[in-house]
Amino acid sequence: MAFLLHQARFYTTVNHLRDLPPTVQPEIAFAGRSNAGKSTAINVLCNQKRLAFASKTPGRTQHINYFSVGPAAEPVANLVDLPGYGYAEVPGAAKAHWEMLLSSYLATRSQLCGLILMMDSRRPLTDLDRRMIEWFVPTGKPIHTLLTKCDKLTRQESINALRNTQKGLDAYRDQGVKGKLTVQLFSALKRTGLDEAHELIESWLRPSVADEKSEPVAQ
């Protein structure tokens, strides 16, 4: 099956909730700390070099960027690139704006069907990552974590990062969280985990045509 994400193009940019497009197509949001490799991961997933742009100044991108996927005449879904978070030098007013924008979007956007959360595999589950999870889990929708830059880890370090992150996510389930919390290793450079991520994302967007033979991700 041709990957749906390979049919992606820029749609629109918004900076306020009131400007969110009145689309009916399902959305998948991509979130992560500044420098977690979010833009690079989106580009690799969509098989494009410059679809999502990384700011030259980390943490300064304050907009929500929409990318439509599927045939240009009749898009079937949207990918939503949320502002990176956690850069220490960002002014307080900007941080407050991001917090309002991100938390409100994640909690209230009815079209949103899941969250892809990027974490640097060398530093997973920071306090800000946990805040993102805690904003979203009340919706009951799934969160899938990509442990990015896993090519920088040894095999044993990768195993430990995956195991420890899954343990941290399991703690939310133990607290009664209903939505699925899954995790995998990912490297845009080595293309590690690319097919696995494709299959999961497309199963959210088009569950009726999801590949039934795909390997399950860690849960």
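For all residues, glycine too, the Cβ spot is worked out from N, Cα and C.
Here is what Swiss-Prot records for this protein:
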- 24-207: domain 'EngB-type G' (DOMAIN)
- 32-39, 59-63, 81-84, 148-151, 186-188: GTP binding site (BINDING)
- Ser39, Thr61: Mg(2+) binding site (BINDING)
Cβ-Cβ neighbours of Ser39 (Mg(2+) binding site) (radius 10 Å): 22
DSSP three-state assignment for Lys38 (GTP binding site): helix
Gly32 (GTP binding site) in three-state DSSP notation: strand
Integer mean pLDDT for the domain 'EngB-type G' (24-207): 90
His63 (GTP binding site), number of other Cβ atoms within 10 Å: 15
Rounded distance in angstrom between the Cα atoms of Phe186 (GTP binding site) and Ser39 (Mg(2+) binding site): 13
